[in-house]
Amino acid sequence: MESCNCFEAQGPPDELLMKYQYISDFFIALAYFSIPLELIYFVKKSAVFPYRWVLVQFGAFIVLCGATHLINLWTFTMHSKTVAVVMTSAKVLTAAVSCVTALMLVHIIPDLLSVKTRELFLKNKAAELDREMGLIRTQEETGRHVRMLTHEIRSTLDRHTILKTTLVELGRTLALEECALWMPTRTGLELQLTYTLRQQNPVGYTVPIHLPVINQVFSNNRAVKISPNCPVARLRPLAGKYMPGEVVAIRVPLLHLSNFQINDWPELSTRRYALMVLMLPSDSARKWHVHELELVEVVADQVAVALSHAAILEESMRARDLLMEQNVALDLARREAETAIHARNDFLAVMNHEMRTPMHAIIALSSLLQETELTPEQRLMIETILKSSNLLATLINDVLDLSRLEDGSLQLNAATFNLHAVFREVLSLIKPVVSVKKLSITLNLAPDLPVYAVGDEKRLMQTILNVVGNAVKFSKEGSISITAFVAKSESLRDSRTPDFFLVPSDYHFYLRVQVKDSGSGIIPQDIPKLFTKFAQTQSLATRNSGGSGLGLAICKRFVNLMEGHIWIESEGIGKGCTATFIVKLGIPERSNESKLAFVPKAPVNHGQTNFLGLKVLVMDDNGVSRTVTKGLLVHLGCDVTTASSIEECMRVVSHEHKVVFMDVCMPGIDGYELAVHIHEKFTKRQDRPLIVALTGNTNKGTKDNCMRAGMDGLILKPVSVDKMRSVLSELLEHRVLFEVI
């Protein structure tokens, strides 16, 4: 009996059925393979799905099922038609269901992702938002605490208050167990415990600044966690089982006071820090949070700024106090100097007046004796007395001028004058001395030198006379040359005048005067001493030539007043000297110059030797001075009446008197008032005598007071016979004569 396959006998294959099975297996496999891919996509997108491993196992099962159908594509065998129809129907149905399932998953998975997992997604997002809101609230709280701390710190500029407030506020804000501040000592080699929150350790405890933990903190600009057992963190005594909390430390930059300057911005030293140590409560699990460390860092920066401001304020206040002390001292010194200057000026004024009165007697009587019959020995003695007296009078004038120059009370009296006449007058005054010493002297005035100039004629003449007199004094033989010309800018471009510059203008010019002699000369290193008052050089000739040592010192100050410069050149002893000075003079207007051309300077009139019958009244409270002045006038032929008081003067004065000489500085007697009374007594000018002040007072206001009182002249004591002769001549000719003080 033949075996049976329990199937119907195989018939010829139905190609259509085979084709349907083949296609169905293909789509079943495709559906089975697509479903796991869709599940994998779902798992990947749904991060909160709780059954991932189940889906993985399900996917593996489906893949294996799909693989069996895929294999069937290559393992078809011939079956009976009934079996083939059943298998074909089953596979077609399976393929349809599988494809529909796969297509439905494509639509269902997005819904599952958006609906089924939304609750978990929202919960996670809510948790994240809670964490972010907590962080924001923490940051806001930190910011609020920082603002509060900053306000508290900056509400004062006292360094101790700033540091103590910082510790208290940090301890309260961060709930600290201890907070301390270590400040560097003066030596900079140690840190000293200066402030503590709880004051559990004695303030003043020190530790070396070069400890590794301190170097670690100082080298970092952030808060650093340190060991609770390190020296700077031992802020409370150990007792029993003590578990210290976490400790952080941070550096606080300090202002380096040695770099502080009043007129400059101070510098923050990178090598000078304080150390702030903060400790959390002990026996707790609390840790430092990031926002707390940030708060500590911000507060440390604010403390550094506040300490810098406090240091600047302290230094400013210290500098202000020092400046106030210096100002008080300077003001006291100024008042003392002013008092000393006033006392000196008062002393000089009194001494000047008191010395001129006896000098007036000596010079007047000596000059009277000189005009009598004398033996050669007597004449020599009288000439010596006159020479010494004139030298003393010059010294008095020099001391007075120097005093005025030093206190600034001497002012230049600018007026238009004949410049050429000044040089000729200097030459005429110096020629007698030059003749006695048998020297030759020449005067060279440049063709372009203006005839008239605007300036102080007296001070210019005094300067020229001093310089020329110096040359004559130190010359025993040879010649002296005086050269005057207009200085040009190019003539000053050398090392002798490095700080002096000409300023060209149409309203002024610079006069350059050069005096060259063949005298004793001077050592070059002694030249700067010549312009110092009372200076003495090493030259033997200088020591033997006499002089007060004031002449060139006064010349230098006069030249400075006239915006000029003076210098001396010499190659050494025995090689002569050249003195040069430049002064600034004004150029007069054309109209004034033309007027002056017709008003020549009145020369000294020596032609009239006596004034026979000229009635003169002398009013002076000093009997000696009154007698001396009367003697001078009587010697010149005058008819002299004397008076010692205002009442006597007003009683004897008459229209017959042509000149009244009076002293205006008399104790208890006002000479100016007397001049006013004389004006009132003689209302007609032709009846009134010429009123001339004969005084030793050289105060700056004397001339103005005389002019206000209506006086016609001012003559300074002492007066010789020659001076009195020239005074009377000029008074009678011009009816006015004010000697320059």
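Every residue, even glycine, has its Cβ placed from backbone N, Cα and C.
Remember, TrEMBL labels are computer predictions, not curated facts.
What TrEMBL lists as transmembrane segment is 20-41, 53-72, 92-113. The annotation Cu cation binding site is assigned in TrEMBL to C65, H69. As annotated by TrEMBL, domain 'Histidine kinase' applies to 350-589. According to TrEMBL, the feature ADP binding site maps to N470, A471, V472, K473, D517, K533, S548, L552. Residues or ranges marked as domain 'Response regulatory' in TrEMBL: 615-732. The 4-aspartylphosphate annotation in TrEMBL covers D663. Under the heading ubiquitin cross-link, TrEMBL lists K717.
Here the features listed in TrEMBL are placed on the structure.
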| residue | record | CB count, 10 Å |
| --- | --- | --- |
| C65 | Cu cation binding site | 18 |
| N470 | ADP binding site | 22 |
| A471 | ADP binding site | 26 |
| V472 | ADP binding site | 20 |
| K473 | ADP binding site | 18 |
| D517 | ADP binding site | 25 |
| L552 | ADP binding site | 22 |
| D663 | 4-aspartylphosphate | 23 |
| K717 | ubiquitin cross-link | 26 |
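Break the domain 'Response regulatory' (615-732) down by DSSP state and the numbers are 50 helix, 28 strand, 40 coil. When the Cα of N470 (ADP binding site) is compared against those of the recorded positions C65, D663, K717, the shortest separation belongs to K717. Ranking the recorded positions C65, D663, K717 by the distance of their Cα atoms from the Cα of K473 (ADP binding site) places K717 first. Geometry remark: C65 (Cu cation binding site) versus the residue listed as 'ubiquitin cross-link', CA distance 150 Å.
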